[in-house]
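Colleague: For 16, 23, the entry in Swiss-Prot reads site 'Transition state stabilizer', with the evidence type sequence analysis. The feature site 'Positions MEP for the nucleophilic attack' is assigned by Swiss-Prot to 154, 210.
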């Protein structure tokens, strides 16, 4: 089995939280959100290496205020880019020999060991895989005037989560393509689809939330208790 590397993207700001620090540094039960995220990957036996991606102006803060408090097993800290895809590109370029790479939102602090292990397994089998859950609400498609024009079958819809998991050579090829062709994407599975490849969607977890709003923070505090 080749090496498995996880890339943790911790570039989110805390504006919607009304916080003075970036959301990954907001504390829950005395520990920053990023602590719980890193801990989940450190405790997974299938992960060989962890790369943390931070904005340039937050690397010193992390090293000074966060890292000394915890025994993190981070192999390297990489400077993020202007957009999410730029941050992933920087991280991929920092990886040497690697078989599988998992790309995860730093604010998804409650990812389970099962999701991580399943992601490794399915990406080895299919080349690309991501967890997801069925939307709980009915989804509507609206036109530019604001009117509903379609109601997709909810059974065919998936709200995609992270970690999004790939064979390294596949996702590296995809990121090179969108970089060279200046294509904007919203996540990494979209990059693989642009290559004409399929992404296997496996069962995620409704608990695997991205902590983004004050309401999310209340739920996160409940999960930690």
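Any Cβ shown, glycine's included, is placed from N, Cα and C.
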Colleague: Test of understanding: give the count of other CB atoms lying within 10 angstroms of the CB of residue 210 (site 'Positions MEP for the nucleophilic attack').
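Modeller: Taking every protein chain into account, the count is 16.
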Colleague: Pick out which of the recorded sites 23, 154 has the most other Cβ atoms within 10 Å of its own Cβ.
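Modeller: Answer by Cβ density within 10 Å: 23.
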Colleague: Going by DSSP, is residue 154 (site 'Positions MEP for the nucleophilic attack') sitting in a helix, a strand, or coil?
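Modeller: It is helical.
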